[in-house]
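One structure is given here, and the rest of the page talks about it.
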């Protein structure tokens, strides 16, 4: 086992917001910080960059689209640390606005990573979260705006306090199927694949927080979704209003909520404040 038994982990962390979250956690979290990336060479280059700044992150490969990759990480964490203290689910993708890929393919590809990949990471790693652990799912304000563009019926489902993970999975699959059949507008969906996937991430966070409260209420684990803002990254583009450092502020705040904090839990957070879902 590692000499430091506390560990924080960030997915999709070789660049952008994820990279800065790792840097901030290296400075402020008392324990090991694991930077993960799909591409090993890029991940190790990011670690070297932080080492040049005098920081000491560790690297582990993780492709959230690959269940075997997730399980290899799970086994590493279990063996080396006996669990996980902080999980930041940051990995995600988006097609550029000008991309000419057919919408139904954009929907399928984006959903596979942003929703189902994140869900698979949660399925494998949430059971490892230690008492007083922190889980942060990086969603987007686009999820709030996209929710408002959904039909009233879909809004009610996504805002439900009793929606199950299985029901949410069914809805995410239905969106992809509806885009393939060319009926997504008729079925009440907005014209944004990215936005719908992030609705999924936000609602999944609410479901998982509810489950944690029911099953591990005494462990004081806090799980939230958050919006980093519009950030100057490869995804956000050069005209975005925030630097990656500013974008990392809310995720890091949630990752480092003090051990005696009662909340927030199961909320959507922007600018360190709870936003009505």
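Including glycine, each Cβ sits where the backbone N, Cα and C put it.
Values in this document were obtained by computation on a predicted structure and should not be read as measured data.
Per Swiss-Prot, the features are as follows:
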| type | residues | note |
| --- | --- | --- |
| MOD_RES | 2 | phosphoserine |
| MOD_RES | 2 | N-acetylserine |
| BINDING | 10-34, 63-64, 90, 194-198, 231-233 | NADP(+) binding site |
| MOD_RES | 30 | phosphoserine |
| BINDING | 95, 96, 97, 106, 193, 194 | glutathione binding site |
| BINDING | 140 | substrate binding site |
| ACT_SITE | 194 | active site, proton acceptor |
| MOD_RES | 239 | N6-1-carboxyethyl lysine |
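In this structure, the C-alpha atom of residue 96 (glutathione binding site) lies 24 angstrom from that of residue 10 (NADP(+) binding site). In the three-state DSSP assignment, the secondary structure recorded for residue 10 (NADP(+) binding site) is strand. Within the set of recorded positions (15, 96, 239), the lowest number of other Cβ atoms found within 10 Å of a Cβ is recorded at 239. Under a cutoff of 8 A between CB atoms, and with a sequence separation of 6+ in the same chain, the neighbours of residue 25 (NADP(+) binding site) are 8, 10, 33, 86, 252, 255, 256.
Taking every pair among 95, 96, 97, 106, 193, 194, the residues listed as contacting glutathione, the largest Cα to Cα separation comes to 11 Å.
Across the structure, residue 95 (glutathione binding site) and residue 196 (NADP(+) binding site) are spaced 13 Å apart at their Cα atoms.
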